[in-house]
Structure formats: structure tokens, C-alpha cells
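**Student:** The domain 'PurM-like N-terminal' annotation in TrEMBL covers B:30-142. Residues or ranges marked as Mg(2+) 3 binding site by TrEMBL: B:31, B:76, B:220. Look at TrEMBL and you will find B:31, B:46, B:76 tagged as Mg(2+) 4 binding site. Taken from TrEMBL, the feature Mg(2+) 2 binding site covers B:48, B:76. Per TrEMBL, Mg(2+) 1 binding site is recorded for B:48, B:124. Summarising the annotation, TrEMBL assigns substrate binding site to B:55, B:272, B:328. The annotation ATP binding site is assigned in TrEMBL to B:123, B:124, B:150, B:222. Annotation comment: TrEMBL describes B:154-312 as domain 'PurM-like C-terminal'. Taken from TrEMBL, the feature Mg(2+) 5 binding site applies to B:223.
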């Protein structure tokens, strides 16, 4: 952690030194950390910042904010086929954030560091007159040249997505308006599931080597399946088509959409999925699916890439679906 | 850069893609960057966040804010003996920051990336209802095991500092109260020099290999010479003594202190120096000084470490100086 005043030093010592166990973190007592990269590997770097009131609710539990900040970054690593090496953490503390909240935030960071094998290496703690803000740089590794990109999809590949889509976006919609018909149709367990999927992304860290082995292009779904897939196809210079009926839905999402069909668009375009979206040759699909099932996550073929440009999303009747907006934007 | 809405995408494309020339940045078109570490090297990582109204003035020129954010991080690398590899940049844009200011901020980042050989690798751009906030993770490399730490000073070593001390703190004091007697005594060039030293840190990147070759412990002086040296001595379990009269001062700082002796404490404890503070054996001093002079920076022996604990700062009459506060704290 960067040197600061004694208040900062004490805060760091109390809350963060116990979770910075990597030898290269030097107990957060130096101005920098060091790290040895495995031989024959590239470093993979990603950085996501989150702002209270923009990327999370100011009254979210601080440990949940910590988990979201960790996991949106770890999700990017997983989708690139990278194994986590560690994280650099900076956060800006608003005047009304007390020590108990900071302790909970530190607990959330520390638990995820252990859970995902991504040790805290260093960072910075500052004060802000504005909202609580968290910035994490996540570091990972891949064998040299093996980072899976989003620009390398080719025509005629299967479009595959892990886990289930829409749970995070429906969890957010539920939080904003719990009385909508779609959510009234759910039991308490269904509502709790969606709320948790929004609050606690589940980065598919365990699938990193599977992505490397089988995917030809990949990204994580953070801003909505349709919009993110459009981005990946455009970046790769190909077109594609998916079948909305093949998009994997959780039982809770399926029930909500059945009760309120307008929620299908929310699920497909709302974001906060943190699943892995990949393209691959037909010959890789079975192995990818098997590995995803073995990891307790699952994977589904939802369509195919094609020569051309643009994405067509087919509905149940075979007609192309249109969306008011294909992805969520904080901007 | 992390995927975001189209507004973010356009902003990033226009302003930041042209300065992300490193091949591993992938033109900021992917979710992650990759980097090959030189063989036989450790990665060195540091991260400093800056908040408008806390670490810089909200009305500072945006290009200067960019330079400060880059340079406080590059200064940490230099003091660890690390050569820059690149930076990951996140910033949070307040509602009243317009595109012209963002363009100037991007220009400042881009120019420093080139100036210091620290290419922009990736990052994130978000909106905030709060103040402009910048977080940079700087990455560097050292031969394995050669990162210079702050915990490894030993008794009987020379305490050495690069460049001149106090210019940044005096530049800040000048900005806060330009009519103080010390600053009234300066000519326009002297005032401009101090103001610039505060606004634009000069990270001693060119001395990284010199630090590695000769320093036994090192850190950058960011929070005040006396307080930072106290920290390094305490972390190393040694004591020390410096002679205030040997602390190198610029002509402007010397003139200001001569006119207003109270400014000596500001210079010694005020921070924002971004010089390198190091300890080394007597046999290394000449080579360190020669290399620092060759780099156009210079270096001065200001005291010695000793068995024991604590730092004594001797004044002109040989008596120990006392300071109300030995370092600057944003906390």
C-alpha cells in the first residue's frame, strides 16, 4: 500500500495486513509488491472500478460490495482463460463510512482472495468527499500467447454461454420493483436466488483452463448477453444468430418470464451475468460442455456465428426479436 | 478497458486508443491486456489513487492532474529500483467534467506514457456523482529478488536523498497563501519553479538501475522527508540522524526559507517531493552520487543510520529540531 498518514497506516494494519498473505505483498509494509510470473506465461491484466450509486447500491452490505468488486474483475480474467495471480486494491472512503463498514468490506475482500486464489498484493486507501469508490486491478497468467480474445470469432462456430443468463438483471429489477407481476409469481426462494445473483456475481474462475483449451473467442457477459455478443461479433468481423429459446435460464428466471414475458428482454439485455460467452468449433462443444458440467456450472450452445455482420435473435416463433436497448450502460 | 455502454466506448476510442500503442493493450478493444515479463525478472506493482479536493485542486489543469497521477506511481517504481512496464488506468468522471477536460486529461496521460516509457495497457472509465478520481496501477520489473525494500536499512549506512527537498511542499504553501513573507521574497521565476514542482512531480525513473545497484533500502519521499525517513528506519529496526543543513534545497526554497525560517519545517515535513530516499554503504555513495549527477538530478548524503530507534534531525546549532507533525497526511 502507498505510504500515507498514520490514520491510514493504522487502518491498513488492522484490516488488510491479515489478508495480504502473499510473500510478494510484503505485509503491505512497503511501497510496492513483487510477483514472480510462472515461466512461459504472459501476464493478463484487467481493471474495473465501481462507484456507489452507479455500480452498486450505497446500502449494499460492505462485504457484498467487496465481493462484487473482486468478482467483476475475476470474471474478466476467467473469460480470457487466465488463472488469477492476485489483485491490487484501491478504495476511496466517504466521510460517513464507519470502521465497522470498513471491517466488513475488508472481510469480503479477504474471503474472496482465499476463495478464488487471488491474494491481495497491495493498493491504496484514500478519503473522498464523494461516494465509496473501489478500483481493482486483477492480475492473471496464461501460457504465452494463449489469452483468449474477443476479436477472434470466425464464421461457422458455435456460440456458447456458461451457467444461466438473466439472473443478475432480474435480481436488479426485483430490487427496484419487487411488486412486478413476474416477481409476485415467485416464491421466497426464487426471489432470494435472483437477489443473490445480482448482489454476488459468480466469476467462472474454475473454467479458465477450459476456455483456453476450447474457446476461439470469449468475453464475460457483464452488460447484457445480446449487446455483449454484438460487440464480440463486430470486433471479430462476423455475424451470428442465436435462438432465444436456447438461452439457459434458471428456474426462477423462467418462472418470472413466464408470469411477465416482458422480462425476457431484461434477461437477454440487462447485464450483470458474469457468465462466459465464447465461440468455438463444433468439435470443441462436447468437451467444453462436459468440463462446464463437471465444474457444476454447465454450458449451452445458443447459436452460431456466420459470414456477415450483425446479430439476429430468434424468438419462439422464429421471428427476429428487437430490443429497445441491447445492453446496459452506466454511462 | 472493461466493456461499457456505447458512450463509454466512443469516449475511450476517441481519447485513449491512440495512446495505447503497446501490442498487449490490444487497442483497448478487449476486456484485458497481456504483457510479457522480461526473463529472469520479478513484476513490481504499485497503486496510488488521487481524489479531486484531496490530492489535487479541482481546478488544476486536467493534463497536470494526469501527470501527477502517473508520476506519483512511477516514483514508487523508481524508488524500488524497477523499470516501468506500463500502467493500468481507471478514472471516475464527475457530471461537470466536459469533453475538453477529458481530452486534456488523456493528453497528459499519453505524453507521460511516452516520456517515461510506461505504456497505457488498459483500465476502466466510469461516471461518478462525486469528485474526479484517478486510480493507476503501475507495473515495473526488476531482476528476480532485486526489488529494493524499505525494511532493509542497516546501522552505519549513509542516508542519501536525490534532487532537492521541499519544493513541492513550498509550492503547495505558495498556492495556499502567496502573500507569506517567504514567497514575497521570491522573484517570479522562483515562484513559478515552486508552483511547478508541486503540480508536476518529477519521478526519478532514470535512477532505477542506480538504486538497484547501490541502495540497501529505499522509498520515495511523498509524505515528507522527516516522516518518511522515520518510517523507513522504524520498518528496518534502526535509528538515524540527519543534519538539516545538509538537506539539499533549490535556490527558490533556500530564498523562501531565508526570508521566513518557519518554512524550513514545511520543506522537511510537507511532502510532495517524489525524490528517492535511500540508505547505502559508504562505499556506494560516490557511485550513486555520480550516477545521479549524470542523470541531471544529483544526490546528497544527509546523515547516517545507527543502532537503536528513532530519528534525530540536527539544526544549524547542533540541537535536535522538533516538528509539530513529521509528515503530511491526507487522512
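Yeah, the Cβs are placed from backbone N, Cα and C, and that goes for glycine too.
Owing to the predicted nature of the structure, the values given are computational and were not obtained by experimental measurement.
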**Student:** Going by Cα-Cα distance, pick out whichever of the binding-site residues B:48, B:55, B:124, B:272 is nearest to residue B:31 (Mg(2+) 3 binding site).
**Tutor:** B:124
**Student:** Between the Cα atoms of residue B:46 (Mg(2+) 4 binding site) and residue B:124 (Mg(2+) 1 binding site), what distance do you get, rounded to the nearest Å?
**Tutor:** 17
**Student:** Measuring Cα to Cα, tell me the gap between residue B:123 (ATP binding site) and residue B:76 (Mg(2+) 3 binding site) in whole angstrom.
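**Tutor:** Between the Cα atoms of residue B:123 (ATP binding site) and residue B:76 (Mg(2+) 3 binding site), the distance comes to 20 Å.
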**Student:** Could you give me the DSSP helix, strand and coil counts for the domain 'PurM-like N-terminal' (B:30-142)?
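**Tutor:** Across the domain 'PurM-like N-terminal' (B:30-142), DSSP assigns the residues as follows: 36 helix, 45 strand, 32 coil.
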**Student:** Using a Cβ cut-off of under 8 Å to chain A, which of the binding-site residues B:55, B:123, B:124, B:272 qualify?
**Tutor:** B:55, B:123, B:124
**Student:** If we check Cα distances from residue B:124 (Mg(2+) 1 binding site), which of the binding-site residues B:48, B:76, B:150, B:220, B:272 wins as closest?
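**Tutor:** Sorting the binding-site residues by distance from residue B:124 (Mg(2+) 1 binding site), the top entry is B:48.
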**Student:** Rounded to a whole number, how many Å is the Cα of residue B:48 (Mg(2+) 2 binding site) away from the Cα of residue B:55 (substrate binding site)?
**Tutor:** 11
**Student:** Go through B:220, B:272, the listed binding-site residues, and name the one with the sparsest Cβ surroundings, counting other Cβ atoms within 10 Å.
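**Tutor:** Each of the binding-site residues B:220, B:272 was scored by Cβ atoms within 10 Å; lowest is B:272.
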**Student:** Among the binding-site residues B:150, B:222, B:223, which ones place their C-alpha within 10 angstroms of the C-alpha of residue B:272 (substrate binding site)?
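**Tutor:** Matched binding-site residues: B:222, B:223, sequence order.
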**Student:** Please work out which residue of B:46, B:222 has the most C-beta neighbours within 10 angstroms of its C-beta, and give that one of the binding-site residues.
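**Tutor:** Result of the Cβ crowding comparison: B:46.
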**Student:** Note the mean pLDDT of the domain 'PurM-like N-terminal' (B:30-142), expressed as a whole number.
**Tutor:** 97
**Student:** Among B:55, B:150, the binding-site residues in question, whose Cβ has the most other Cβ atoms within 10 Å in this structure?
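**Tutor:** Of the binding-site residues B:55, B:150, the most buried by Cβ count within 10 Å is B:150.
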**Student:** Measuring Cα to Cα, how far is residue B:223 (Mg(2+) 5 binding site) from residue B:150 (ATP binding site) in Å?
**Tutor:** 15
**Student:** Can you check which residues sit near residue B:76 (Mg(2+) 3 binding site), meaning Cβ under 8 Å from its Cβ, same chain, 6 or more apart in sequence, and list them in order?
**Tutor:** B:46, B:48, B:138, B:220
**Student:** Determine, to the nearest whole angstrom, how far the Cα atom of residue B:150 (ATP binding site) is from the Cα atom of residue B:55 (substrate binding site).
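**Tutor:** Distance between the two Cα atoms comes out at 24 Å.
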